[in-house]
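These notes concern the structure reproduced below.
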Amino acid sequence: MSFPVAFLLVLFLVPFTFATNNLVVRQKELEIVIGGEVSVNFQIKNHTSQSLNATRISLSQSPYISHPDAILVDNWNANVTVLGSQLVSGAILEALNCTTDGSITCPLDLEDAFARITVIRSHFLAILIQIVGWTYFFAWSISFYPQMYLNFKRKSVVGLNFDFLSLNLVGFCAYAIFNLLMYYNSHVKNEYNIVNPRSPPPVLLNDVVFAVHAFLACFITILQCLFYERDNQSVSSKCIALMIVLISFGFCSAAATVLRKIQLLSFVTSLSYIKMAVTCCKYFPQAYFNYTRKSTVGWSIGNIMLDFTGGTLDILQMILQAVNVNDWSAFYANPVKFGLGFVSIFFDIIFMVQHYVLYPNAEVPHNEYHGVDNPNPDNIARDAEQYAGDSESMESTEPIIVHD
């Protein structure tokens, strides 16, 4: 047998050689109401001996859940009934050890023999949490479209700050790569599991979809800036400098990973820092731009309303989850998530005040906005020259006023 063929056979057979006598729990996430019960199934996979069918499995103990100390395997399965004693966000039930035929050495691989059990206050709250979660996911996902539609309708991006757009693109690019690696890359997931054993996955498929979709939406909006009227707007030198710093930080982290100075998980984490920095900075340019123009024309209030809805519901979901399991650690153990959500809501309120209170009757200097047709500036000048006559002023053309 040639070496390449033998090598391929070894690669193919190695997983099956070592993936034997595994004790597994298929349903890793379980949820029960306090005082309720749930059955947890342990199963032996790829067994190599009939004697394993009489294995005694010792289980971990927790003050939040009640169950027998040990269970016996029957027909390669062992079931245990767990009672929810106290509210908890995720108690771990795991196989600690096992014995077979009086042997003190456990012949089973117990690495995957665990389940996370959440004891909740109410199923109604659990359903409400899911509804709120999907609602804010939907609100955030479509929040990019009002601005794109407004740009398309006006054939203009005047009023949309380019610093905000540029920072948003950098932030969501980093966030998309972060989610893709955390969800799909096996090395990243293995490193995360080593650092955070028995923890639920930090990134779900909907996180990946949202991040990639947000990046594409930002990219399309920037393409609109290349083709539509933009007046003399450009990306400021301060924004360019900040983006260079953020991108350089990402590349340096990537280089350190390639040179094995840091782990791949550390590089992925650095991408989340870029997103956090962008979120803290990106709203300032647009808010100041609206202030200097004394107008929010060109800046979609629909985008803000949807973002405000998503941010508010996100925090509401955190509150409902905390109430349902009597665990408020999400607010102080992970202050970054709560803080970034609060920053977004704070600026959304500022934008709403600017739009509805400070500058509600701003003049529209462009061709169309909210269905109101406005005179072309060139036509105004030409008509003024034609009909001014002896008039000393060309101020006869009044601006169109938009009343929201």
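Backbone N, Cα and C atoms are what each Cβ position is placed from, and that goes for glycine too.
Swiss-Prot records N-linked glycosylation site for one of Asn53, Asn232, namely Asn53.
Record note: of Asn46, Asn290, Swiss-Prot gives the feature N-linked glycosylation site to Asn46, with no matching annotation on the rest. According to Swiss-Prot, Gln263 and Tyr332 sit on the same side of the membrane.
Range with Swiss-Prot annotation transmembrane segment, chosen from 23-43, 86-106, 296-316, is 296-316. Simply put, out of 164-184, 208-228, 239-259, 296-316, 338-358, 296-316 has the most Cβ pairs sitting under 8 Å from the transmembrane segment (124-144). Taking the Cβ of Asn53 (N-linked glycosylation site) as centre and 10 Å as the limit, one finds 15 other Cβ atoms among all the protein chains shown.
The Cβ of Asn46 (N-linked glycosylation site) has 12 neighbouring Cβ atoms from other residues within 10 Å, across all protein chains displayed. Its own atom aside, the Cβ of Asn79 (N-linked glycosylation site) has 12 Cβ atoms within 10 angstroms in the protein chains shown.
Residues 217, 220-221, 224-225, 228-231, 233-236, 238-239, 282, 285-286, 289, 293, 295-303, 306, 365-369 of the same chain sit 6 or more residues outside the topological domain 'Cytoplasmic' (145-163) yet have a Cβ under 8 Å from a Cβ within it.
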